[in-house]
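To keep things clear, I will list the structure first and then write my remarks on it.
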Amino acid sequence: MTRMLIIGPPGAGKGTQAARISERLGVPAISTGDIFRANIKDQTELGREAQRYTDAGNLVPDSVTNEMVRDRLSHEDVSGGFLLDGYPRTVAQVEELDRILEANGVGLDVVLLLTADNDELVSRLLGRAQEQGRTDDTEDVIRHRLDVYDEQTAPVVGVYEDRGIVVRVDGLGSIDHVTERIMAALER
């Protein structure tokens, strides 16, 4: 059984690696983005509430996000483990995830932290923006996103480091090489 988080800066390849690792480990990859989209598409009560915030250009509050994650982690397919991407993003969400898992009688096994040099990430994200025609993703905007990530995520990583469950892996290199580094790190 593997219950894990994948954390890393924008452009580090979390989504790509989450899909590959979950397939190898035989556990579902769960991204908060997917949870939001599914709830909105299915017009669940939580989905309608989230959509009211996003339509107004506001961030969805923790209470709604937490409930969506709580609901998703109650599904049968996660009984053998999961790989969670995009949550928790704050120490308050760490505490909520602890409560959710405790209520299910389980805990986290590992927090996979993908690391990468910021200049490399900027280059990668600028290339992605160009491919996707996202003219709003300028270098300044990307660097700001990386700064926000650092500020928000450092305390989250700190909590899990104190618990001794963080595994750091360099997220740069070919997709296959990064996957192999992750699998090797998880086997230690």
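Even glycines carry a Cβ here, placed using N, Cα and C.
For the ATP site, Swiss-Prot lists Gly11, Ala12, Gly13, Lys14, Gly15, Thr16, Gly173; matching the candidates Arg70, Arg72, Arg128 against that entry yields Arg128. Taken residue by residue, the region 'NMP' (31-60) breaks down under DSSP into 21 helix, 1 strand, 8 coil. Between the CA atoms of Gly173 (ATP binding site) and Arg134 (AMP binding site) there is a gap of 24 Å. Taking each of the binding-site residues Thr16, Thr32, Asn58 in turn and counting other Cβ atoms within 10 Å of its Cβ gives the largest count for Thr32.
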